[in-house]
Amino acid sequence: MGKDVGVPSWKHSLRHVLVATLSSFLYGYHLGVVNETLESISRDLGFHGNTMAEGLVVSTCLGGAFVGSLFSGLIADGVGRRRALQLCALPMIIGASMSAAAKSLWAMLLGRLFVGTGMGIGPAVAALYVTEVSPAYVRGTYGSFTQIATGLGLMGSLFIGFPAKAIEGWWRICFWASVAPAAILALFMEFSVESPHWLFKRGRAADAEAEFEKLLGGPYVKSAMAELSKSDRGDEADTFKFSELLYGHHRKVVFIGSTLFALQQLSGINAVFYFSSTVFETAGVPSESANMCVGIANLLGSFVAMILMDRLGRKVLLIGSFSGMVVAMFLQITSATSLVSRGSGVYLSVGGMLLFVLTFAIGAGPVPSILLSEMFPGRVRANAVSVCMAFHWIVNFFVGLFFLRLLEQIGPLVLNSIFGAFCLLAVLFIKKNVLETKGKSLQEIEIALLPSE
């Protein structure tokens with residue numbers, strides 16, 4: 001890619017992107033860390049068999065993420081993308097340590113709340129950072145790195161959680177282990193570049209030029225600055241008002257982004273990540289091998305997304321992804337009916353779940369955060385993405401809280417039918433509303449959106 005004529009080398013920005021994606025690794029790790037360990041945690045802390053308490057261990061983290069996401073835009077615009085990523089590591093270190101040392105349910109919930117705050121800040125700021133430091137022709141590919149990192153985090157949490165049921169207190173080690181990558185994120189971001197877009201917006205054009213030189217190479221600095229100056233203005237940094245996102249000409253993009261994130265979660269994907277152990281054990285499948293297959297499917301789909309993101313485009317991947325999820329959920333629904341034998345139903349259910357995860361990781365997982373970071377102009381980008389991410393965490397919270405209870409009350413047939421309906425709705429919504437951004441500069445995307453506002 002770096003040898004293409006007329007484009008800067010992707011190598012200059014790669015290491016900065018990789019450091020930022022550590023926040024996505026932590027996000028994935030903390031999503032999955034309670035999967036294998038939840039039973040051991042509930043026994044040690046005295047709430048085994050209480051599905052609402054088990055749901056709270058999951059969803060309290062998501063509630064904290066909602067709070068963190070609301071403030072992520074203000075933090076990213078206030079102290080910069082680089083410092084915001086360092087700050088997101090702090091509550092993850094504190095919260096993981098509190099969870100690891102917890103002696104009661106309430107102590108565990110408080111630790112999960114702290115971790116969630118960092119999770120809410122990290123992914124939103126990482127999406128901004130990667131979008132703003134990446135050359136246009138690899139921006140989608142680099143954006144998909146966040147999904148790969150999330151998948152690696154999930155895999156890591158599953159691997160380290162395997163001994164939890166056999167070794168007393170092992171679940172505490174699982175929480176302690178997450179402190180190291182959080183500390184590495186905070187340290188290595190100190191040596192990473194700041195977003196030139198943020199610097200320019202703050203009126204620091206000379207610093208923005210210096211960072212562009214590190215990211216693109218000297219010959220491309222002038223053209224990058226000229227492109228940046230078409231839309232972003234250093235003297236506009238203090239003119240933003242949140243009311244613009246609700247009533248101004250950005251409201252349509254906010255609506256598209258918020259709906260995409262809501263549909264992403266209403267597809268039921270995180271119910272798989274949070275409770276796959278419980279679901280597989282109910283079906284008589286060993287949780288260790290089944291969860292490992294889920295992790296591999298997620299990781300494989302993420303690599304496919306990385307390859308196709310800047311070739312097929314964001315919209316095509318989204319439509320194909322949600323369509324595949326509809327098919328996968330149909331397999332899940334069929335497995336719960338009397339049309340197949342119990343033995344065949346188990347294989348059909350597991351196969352449908354793995355296909356669901358695979359197709360999710362190809363598009364529905366990585367694309368929304370990439371797309372939204374591209375579609376908003378620099379002046380409102382951080383705060384707009386934080387508002388859209390808040391919808392993600394609200395829906396995620398309720399899915400995590402009520403999934404097990406709904407599974408008990410209405411059963412897998414009805415529940416999977418609901419999830420499948422939301423996936424189908426997502427396909428229709430994307431076809432009508434989503435703009436393709438493949439290969440366009442951030443300024444070209446902004447100009448393309450202006451006439452329709």
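In case you wondered, yes, glycine gets a Cβ from its N, Cα and C as well.
Annotated range for transmembrane segment in TrEMBL, selecting from 12-32, 285-305: 12-32. Of the candidate ranges 12-32, 253-277, 316-334, 346-372, 253-277 has the most C-beta pairs within less than 8 angstroms of the transmembrane segment (384-404). Just going by CB pairs under 8 A, the stretch in 52-75, 142-164, 170-193, 316-334, 346-372 that sits most against the transmembrane segment (253-277) is 346-372. Tertiary proximity for the transmembrane segment (316-334) is limited to same-chain residues at least six positions away from its ends with a CB under 8 Å from its CB atoms, namely 260, 263, 267-268, 305, 308-309, 340, 348-349, 351-353, 355-356, 358-360, 362-365, 367-368, 371, 412-413, 416-417, 419-420, 423-424, 426-427, 430-431, 434, 436. Counting same-chain residues at least six beyond the ends of the transmembrane segment (346-372), those with a Cβ under 8 angstroms from any Cβ of the stretch are 123-124, 127, 131, 139-140, 143-144, 146-147, 150-151, 253, 257, 260-261, 264, 267-269, 272, 276, 279-280, 283-285, 290, 293-294, 297-302, 304-305, 308-309, 314, 317-325, 327-332, 334-336, 340, 384-385, 388-389, 412, 426, 434, 437.
Here the listed stretches are 113-130, 142-164, 410-430, and the one with the most C-beta pairs under 8 angstroms to the transmembrane segment (12-32) is 142-164. At the 8 Å Cβ cutoff, the transmembrane segment (142-164) and the transmembrane segment (410-430) share fewer than 3 close pairs (sequence separation 6 or more) and do not count as touching.
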